[in-house]
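Colleague: This is the structure I want to talk about, given as structure tokens.
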Amino acid sequence: MPILTDFKAIATGLFVTWKHIFRRPVTVEYPEVKRTPAPRYRARIVLTRDPDGGERCVACYLCSAACPVDCISMEAAEGEEGRRYARWFRINFSRCIFCGLCAEACPTLAIQMTPDYEICERDIMELVYEKEDLLIDGCGKDAGYNFYRHAGIGVAQPRGAGECEEEPVDVRGLMP
């Protein structure tokens, strides 16, 4: 009986091999043929600007606190008009796992993920990107958003006076 079970195991293995031998290969010749990522693919991190051209990052440290591998570091500074900004901002892409938690934690939408997945360097120190390397000229996905224009609107205005906010309904006036 053990000979029959061995023969059956060999026949099953050969059947699986012959079944796959005539299929097309799934290997992609990467440098020559580049795959297009999915529409919602997240890869390289960039820092975006406001519509008026200023930096969006206010150095609140929420991105570095949300990062599970601690690859984001920065130093906060304050401008002449009292506006906070990041004096230096650094991301170590050799440690980054591209989870996107930093982009979700950013209250100013300064950190955004792009589908650029080609981050290859021979020296590991070249994977440490400074603020100048990360800043892009555009606003990214949220072109009309300006943190300082939207921050504190609900505090200074009565209910119903904010952007895209309806007037409150007086519930007592609806009663008979």
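Here the Cβ of each residue, glycine as well, is placed from N, Cα and C on the backbone.
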Colleague: Hey, Swiss-Prot has [4Fe-4S] cluster 1 bound by Cys57, Cys60, Cys63. Any idea which of Cys106, Cys120, Cys139 it lists too?
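Modeller: When Swiss-Prot describes the [4Fe-4S] cluster 1 site, the candidate it includes is Cys106.
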Colleague: What residues in the same chain, six or more past the boundaries of the domain '4Fe-4S ferredoxin-type 1' (45-77), come closer than 8 Å to it by Cβ-Cβ distance?
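Modeller: For the domain '4Fe-4S ferredoxin-type 1' (45-77), the nonlocal Cβ contacts are 83-93, 95-99, 101-114, 131, 134-140, 142-148.
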Colleague: Taking the mean position of the Cβ atoms of Cys57, Cys60, Cys63, Cys106 as the [4Fe-4S] cluster 1 site, which residues outside that list, in the same chain, have a Cβ no more than 8 Å away, listed in sequence order?
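Modeller: For the [4Fe-4S] cluster 1 site, the extra neighbours are Val58, Ala59, Tyr61, Leu62, Cys102, Ala105, Pro107, Thr108, Ala110, Ile111.
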Colleague: May I ask which of the binding-site residues Cys96, Cys99, Cys102 is closest to Cys63 ([4Fe-4S] cluster 1 binding site) if we compare their C-alpha atoms?
Modeller: Cys102
Colleague: Six or more residues beyond either end and a Cβ under 8 Å away: which residues meet both conditions relative to the domain '4Fe-4S ferredoxin-type 2' (87-116)?
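Modeller: 37, 41-48, 55-60, 62-77, 124, 127-131, 134, 140-142, 145, 147.
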Colleague: Please list, for the domain '4Fe-4S ferredoxin-type 1' (45-77), how many residues fall into helix, strand and coil according to DSSP.
Modeller: 5 helix, 11 strand, 17 coil
Colleague: Give the sequence-ordered list of residues that share a chain with Cys60 ([4Fe-4S] cluster 1 binding site), lie 6 or more positions from it, and have CB atoms under 8 Å from its CB.
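Modeller: Within the chain, Cys60 ([4Fe-4S] cluster 1 binding site) has Cβ neighbours under 8 Å at Arg84, Pro107, Thr108.
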